[in-house]
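Below you'll find the structure, written out as structure tokens, and then a few comments.
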Amino acid sequence: MSQEKKVFKTEWAGRPLIIETGQLAKQANGAVLVRYGDTVVLSTATASKEPRDVDFFPLMVNYEEKLYAAGKIPGGFNKREGRPGEDATLTSRLIDRPIRPLFPKGYRHDVQVISIVMSVDPDNSPEMAAMIGSSMALAVSDIPFEGPIAGVNVGLVDGELIINPDVQQREVSVLDLQVAGHFDAVNMVEAGAKEVAEDKMLEAIMFGHAEIKKLVEFQQSIIDEIQPVKSEFVPVEVDADLESKVEQLSESFGLSQAIQTQEKLAREENITAIKLKVIEAFEGEDEAVITAVNKKFDALIKEEVRRLITEEKVRPDGRRPDEIRPLDSEVGILPRVHGSGLFTRGQTQALSVATLGALGEHQIIDGLGVEEEKRYMHHYNFPNFSVGETGPIRAPGRREIGHGALGERALLQVIPDEKEFPYTIRVVSEVLESNGSSSQASICGSTLALMDAGVPIKAPVAGIAMGLVTKDENYTILSDIQGMEDALGDMDFKVAGTKEGITAIQMDIKINGLTEDILREALEQARVGRLHIMEHMLSTISEPRAELSQYAPKIEIIHINPDKIRDVIGPGGKKINEIIDATGVKLDIEQDGTVFIGSSDASMIEAAKKLIENIVREAEVGQIYMATVKRIEKFGAFVEIFPGKDALVHISQIALERINKVEDVVKLGDQFLVKVTEIDKQGRVNASRKVLLEEEKKASEEK
């Protein structure tokens, strides 16, 4: 890597983009500083000196958010950043996916790409700056890399597509799309959308790719000037005779027939049996030979699966390319929860459970941006037993977080506004069985659970995972991919949406990129599959239940004068805590005076409502109230006309005749009717007993 500082400038979506090399992190294999407006990200790439003896590429991508970038001090006792938050984890995945396919096949050196956000400008995406920085750090290093790549955000505001929308534009955009790729093709897509049609989504993807091309050209100009020297990578030589023998043995033992076993576990058992027979033929050979045999056998499985799909249009389980596995679904299978849905597609099964809570139970997101409140959450769990394996039970990893976020994006678009449905909603999807497309099964199960819970979603959402197998110029697009097709194919393209359009998509590929034609065909085939799945789901439950579960909290909304909010809360929260302690309800008060009262006990809601109404109740001039004497002074008596509201009855207004002492007529605790005669500018209430006595005397005389 060059040790001389160099600065390169261009414009990106109307804002300055600056890439600096040669000054920072000079012991990394590659490092760049990316400035996009006032957003600054340091990206580094480092590789191990020697390769690892593993059968996968050990790439680790880390995106780190430093709170100093936003002028914040971390909370907690230590005042340090802790483990990455969910957004940082998702961004790490976002960067990983487009760069992973661009390393040489068989490369086994550990590679770590780290992007540290050092300054953040809300209008200029640190995520996209980190993606460019990661690409450039690899490109200027000696690490073999077939980039550069770039990524952009695309919004859709009033029918117009926008590159890298600012904060205000993002708030009104019906599309939140991230696209990445190299000059020739797109290789990563992630989006949340408000029922955007397939043709508009494709237009947005290609619109983003046009901008990506400009960024790639800019990066290439930097590479051409720096001229990094790449380390030589020589793939491990293969033993042609050994591979030929493995191929012949596998064919003779019926590998192709074993691959076409319909049931997953039986297929795995049949393939394993053949593998053991092949290994037996090499009995007595050293470990290196057995490793080579295993590697070739796995390669043969991949080749045969791909051949069957591309040439014979037959999938391992016998389905046509566009055929969806058998579907089954149920709702309401758990008696005490607020809503539940079980969705099964072939050998993939997800149980989703919906829980409703008060608005105050929302999740607070305090990252680099403005503090946000999240009232809809979707969590995805993938236990070992779902694939018939054992292992330690750990906290959710990147995959679980990513799949949960995808499901959240897919359904967030149809969740009703809090004014219409004043609840915090959490859905947990437990994958009970998996043979591919489990994230999409969790979306379908979550829709069922929400409808079972009585959440008035705007429209049901279904999800499907599409696959792709390419061979030379030919390709086959697969609907509803299973695990083997995901592992051995070229694409995992997840599409979720309603009947009207897409609400979320996520695309990962293992080849360099996809053309516009393949994307168009995949989106259309996904639409047809999604509608087929939707039809089945609606046959199970056609619309959200009219009533909530008896175990769900009931929430009543009342409106108070915003000026009275402080009275309800009281000094230091004293008043509101008294109400909560007395009734056990959950209270949430909005700045506009909207009060949400939640409890599973309707009588307690009513009790809390009365307490609040008494606090905010306004006295009215001319109204008559039953008053209770609370305090006596020389100049009059202070009476309570209703809970929380006192009035002064002046000594001159207590009796018909003139009195010398208040105590001569009334005592503490006495009750009598008074009429409110005045409310001054400070809100103090004056009342009269005398006025009512005069009216009573007059009425008596008239009789």
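Note: Cβ is positioned from N, Cα and C throughout, glycine not excepted.
Of all Cβ atoms in the shown protein chains, 17 besides its own fall within 10 Å of the Cβ of D486 (Mg(2+) binding site). Residues annotated as Mg(2+) binding site in Swiss-Prot, with sequence analysis given as evidence: D486, D492.
The domain 'KH' annotation in Swiss-Prot covers 553-612.
According to Swiss-Prot, the domain 'S1 motif' annotation covers 622-690.
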### Message
So if I draw a 10 Å sphere around the Cβ of D492 (Mg(2+) binding site), how many other Cβ atoms end up inside it?
### Response
22
### Task
Provide the three-state DSSP residue tally for the domain 'KH' (553-612): helix first, then strand, then coil.
32 helix, 16 strand, 12 coil
### Per-region confidence, the domain 'S1 motif' (622-690) (mean pLDDT, whole number)
92
### Query
Tally of helix, strand and coil residues over the domain 'S1 motif' (622-690) according to DSSP?
7 helix, 36 strand, 26 coil
